[in-house]
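**Q** Found this in Swiss-Prot, in case it helps:
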type	residues	note
BINDING	196, 281	Fe cation binding site
């Protein structure tokens, strides 16, 4: 019987306060996160941004216990999935590849080679595909695989996205229903989906399918929820976690919360739709920051749906994904990372800083200049900002 390696790809997160700076550096060193015209500046810019953001980010992690639980939860998911697959008769072993913190993809590849894996199934722990999440992880894996003659021989199948998988939808409905049942008027509870945002240009200029998949997913969940409960609930979708000067997907979560408060919404069921495990954006951004905004807006009951973590129905769905991937049409690593064709005035492969026709580029260029000036001053210890007493 073939030895199957199931590779679960995720973001990663700092486990201790001292990890925050290096984690941010790894994050912003990724050109899928920040696109600049000259690659030589990528790492200096990443160092600058991570240095400037470290203190604030450390405070956020301190508020949830001093570190991210994402590794612990992902390891639990991997163990549960491995057990489920073996119960179904597969000789499967799960591995974890984090993009920006330990255990990195290189470590997972080394472990699979040492274990003599015969074929690999790759599942990103992002239900919806995006350039900056699954896409970045797929491309990192491809780069490492292409440079490893031994690992390159191992057959590999990939799951690109899985937001419409039946058990995933069912598990989301089960968790949402739990919170709705706690409301005084369940049919009036407002379902508030909040997804991690991406820059608008990713969708409009590069063809990222993320926005469409998020919208489709939220409607699928609402339809299944209505079947389960026997009534429909009002619902809204928003996007959170934007950073930088460019425009991100709208509407923004904090703005929608204020609008819902003005509309006299009392019971709000917050659904973190793009996260399958608890981490900084659920535990701190939603549970602390957005809850405070909601309460200030007059929303009386703010209820956040738990992340899927190791929900049994969710783990069952992941196991079915693995089996379907093994039995279905081959999707290789190259295909998994591809973007759909889009008609535009410039080549899609040249979609990067300075090549699209959006005014956001100019905002980005200005920000780039500011970052570089600040970087030079931090290194040199002199300049106009020092003379003004800003630095």
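From the backbone N, Cα and C atoms, a Cβ is placed for every residue, glycine too.
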**Q** Using DSSP reduced to three states, classify residue 196 (Fe cation binding site) as helix, strand or coil.
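**A** Note: residue 196 (Fe cation binding site) is in a strand by DSSP.
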**Q** Let me know the DSSP-derived helix, strand or coil state of residue 281 (Fe cation binding site), please.
**A** helix
**Q** Neighbour count, 10 Å Cβ-Cβ cut-off, for residue 196 (Fe cation binding site): what number do you get?
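**A** The answer is 25 other Cβ atoms.
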**Q** Mind giving me a neighbour count for residue 281 (Fe cation binding site)? Other Cβ atoms within 10 Å of its Cβ, every protein chain shown.
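**A** There are 23 of them.
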